[in-house]
Amino acid sequence: MVMLESLLDNLKLENGLVVAIAQDYRTGEVLMCAYMNPEAVEETVKTGIAHYWSRSRKKLWKKGESSGHTQKVHEILVDCDADALLLKVEQVGGACHMGYRSCFYRRADGEITGEKLFNPDKVYKTSAKPQS
C-alpha cells in the first residue's frame, strides 16, 4: 500500500477532488473526464476497476455499476502538477452514459463523430442526461 499512500499524499486536490481522464490503454483514445476523491483513488488502486466521485449525486461510483460497462485499470499516471490523473484503461462497452464509446463523440460545431454502441434508455431505464 506504499504506492497508494504516496499517491494520496502527493495529489493536489481542489475541493477534495482531482480530475481523472480515462484513456484506452491500447489505442490512446480519450474516453472520458471525471473526478476522483481519495476514496475513489483508493478503491481504484485496490480493485483495479475505475471508481469515480459523482459530483451530481455526491457519491462514490464504480464505473459500470449500473451498465456493466466497466474500466479495468492498467496504469495510473500523475501529471506534472499532481492535480490530474490519467487512467489507462481497458473499456468494456461504452464509456459514455449517452451510449457512445467515448464521451468525446461530437465536435465543437455539434457534428457527431462517434458511433453509438448502446441505447442508454434501455441500459439505465431512464432518460440519459449529461452529468456534471
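In case you wondered, yes, glycine gets a Cβ from its N, Cα and C as well.
Look at TrEMBL and you will find ASP79, ASP81, ASP83 tagged as Mg(2+) binding site. Under DSSP, ASP79 (Mg(2+) binding site) is assigned to coil, being neither helix nor strand in the three-state scheme. Residues near ASP79 (Mg(2+) binding site) in space but far in sequence (CB under 8 A, at least 6 apart, same chain), listed by position: LEU85, LEU86.
In this chain, no residue six or more apart from CYS80 (Zn(2+) binding site) has a CB-CB distance below 8 Å. Taken from TrEMBL, the feature Zn(2+) binding site covers CYS80, CYS96, CYS103.
Across the range of the domain 'Phosphoribosyl-AMP cyclohydrolase' (32-105), the DSSP-based residue counts are 10 helix, 31 strand, 33 coil. Here TrEMBL flags 32-105 as domain 'Phosphoribosyl-AMP cyclohydrolase'.
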Number of Cβ atoms other than its own within 10 Å, given for ASP83 (Mg(2+) binding site): 14
